[in-house]
Amino acid sequence: MAKQSQVPLAAVIKPLAMLPTEETPPYLVDHGESGPIRCNRCKAYMCPFMQFIEGGRRFQCCFCSCVTEVPPHYFQHLDHTGKRVDFYDRPELSLGSYEFLATVDYCKNNKFPDPPAFIFMIDVSYNAVKSGLVRLICEELKSLLDYLPRGGNLEESAIRVGFVTYNKVLHFYNVKSSLAQPQMMVVSDVADMFVPLLDGFLVNVNESRAVITSLLDQIPEMFADTRETEMVFAPVIQAGLDALKAAECAGKLFIFHTSLPIAEAPGKLKNRDDKKLINTDKEKTLFQPQTNFYSNLAKDCVAQGCCVDLFLFPNQYLDVATLGVVTYQTGGSIYKYSYFQLETDQERFLNDLRRDVQKEVGFDAVMRVRTSTGIRATDFFGAFYMSNTTDVELAGLDCDKTITVEFKHDDKLSEDSGALLQCALLYTSSAGQRRLRIHNLSLNCCTQLADLYRNCETDTLINYLAKYAYRGVLNNPVKTVRDALINQCAQILACYRKNCASPSSAGQLILPECMKLLPVYLNCVLKSDVLQPGPEVSTDDRAYIRQLVTSMDVAETNVFFYPRLLPLTKVDVDNDALPAAIRNSEERLSKGDMYLLENGLNIFVWVGVNVQQGLIQNLFGVSSFSQISNTMVTVSNPCLKMLIIVKQEDKFEMLFKHFLVEDKSMSGGASYVDFLCHMHKEIRQLLS
């Protein structure tokens, strides 16, 4: 059935997701020195679906059916239904998600980990200093260091911090609490990177506060007159990695970087940007790193639990496809602010930085997904590294990252027992505690196509297909990837038409109820910047978006591919509820109204030419339509975005129209109506 319908089976998992306010955090179960109870054979963790037998002395694994002895300290009697009488008191027997405290066997080199460290690495080249970026970062860090993740109920954060500045050489700072002033040490031999000090590089914020504040005051002054424009990049990561190795801990590097690393050093890059490659067989090289140096560096970072977050401030081509490799493979995040300007981008950058520093992260993590007999995990998408076929290795995993897992059938499934998934994540918390987070899911199985098509998740399907396609462009021409997407969706819909729909004339397009929107969303993926770029989209933008989407959850891809469009004149100011969103098409916009469009990265406010003057005066503080400026003000939102004011018929309208995804796009993408006709034709061809 799975073959016939072509509907993929995949799970989008966010292991450390932020919880809604009304939910309690996962319970932490401590089984003492013997550690969590597991199946002897497949090593699955104790969960609500395990079957206790022989009066509670043994249990049968729900994943592999193997029978395991219950250790004496865990024994409990069963009630008349065969359930343990303590089942409600134990999270691992009654809840879908919970945590275990890990024992020393789950730790590297059989010793409990130290708390992680954060290293801030600041580009002090001419561009970074002149734009005001260096001063901004140093000012912000002074207060931000009070908000490092605490993990659990610690009084203060256990995370130690260190500081490096760099251009074509690296400057390390000794900020030991006993010093009156910070000391700088320069390493100019970037080909043979080493960390010139151990004691005093990574420190406790509260103990060294005076020295750190003094350093952050001095950095902008020290480099105020710099003329240095040449940069290194790989040695910066190498230095951070070496510092964590020396301190024997995991951690995160926060790298603030402005330009292509062309200085003589390992990992040096050349400008290879070439728009002429678009729509040729060589287009895939634009998404591939230009050297494998960074993949090898990433492997070393993962082994140490060194996660790299990258804040980029490019004024020209920077090669995100190459610079992003280490970030991507260590589970880090990339933030990009093209043509950074203090007045328009400062708030957005600071908001991203604050959230990035404060959010909960698990370090040195390994994730494994176990399944019951009949299906198995075969493919993984996301920001991580894999050295074998089962273990997803993550130097860091934060609360925003998802990992997408595809499953294939490898045996019979039964409608009676259904199918089970267990996702286990082993990680070190920001407090330095080794933990296991377990998520369990039980699913129904069906043998009828009609049941399958009644229960499909279109939003999850699109999330998976986009990630599959975005990985495909690394090795295939973009046109091949797009054609494969159209073909798979046509097969899914043709199978429904042939086997489930009531017979009707061939002239009708018949879609299953829960896939009514598949063609709309599919068209949005096909004409996205990665698969069909307009002339204004840079190579770096495409590489950046390709990596961004790979870690998105379902709600994020949903609004990223089909933006939210809200009529602002319909907003009820006294009510928190938003007005109903309207469809993304120019014909839905009325000249007398204003609309807000957002996709998770950008926010636009479109102002019609006939908007009432009173409204313009109230909102923009100017007296007429012609006086409204496009200045990008920022709005406070949990994740601040760039806000652009677009007046009907002005130059920014082209940019805005790019997001009206039901219309024909400048880059040749089909309108929704045309695409529906195309899909209908494809389906009819398959059926005939």
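Positions of Cβ are set from backbone N, Cα and C atoms, glycine also.
Taken from TrEMBL as is:
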type   : residues : note
DOMAIN : 36-74    : domain 'Zinc finger Sec23/Sec24-type'
DOMAIN : 113-357  : domain 'Sec23/Sec24 trunk'
DOMAIN : 362-445  : domain 'Sec23/Sec24 beta-sandwich'
DOMAIN : 458-557  : domain 'Sec23/Sec24 helical'
DOMAIN : 578-629  : domain 'Gelsolin-like'
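Remote same-chain residues near the domain 'Zinc finger Sec23/Sec24-type' (36-74) are listed as 29, 82-84, 92-96, 100, 102, 370-373, 420, 422, 424, 436, 438, 440, 442 (criterion: CB distance under 8 Å, separation of at least six residues from the stretch ends). The residues of the domain 'Sec23/Sec24 helical' (458-557), classed with DSSP into helix (H, G, I), strand (E, B) and coil, number 65 helix, 0 strand, 35 coil. The domain 'Gelsolin-like' (578-629): residue composition by secondary structure is 14 helix, 11 strand, 27 coil, according to DSSP. Each residue of the domain 'Sec23/Sec24 beta-sandwich' (362-445) gets a DSSP state, and the totals for helix, strand and coil are 0 helix, 52 strand, 32 coil. Each residue in the domain 'Sec23/Sec24 trunk' (113-357) has a pLDDT score, and their mean in this model is 96.
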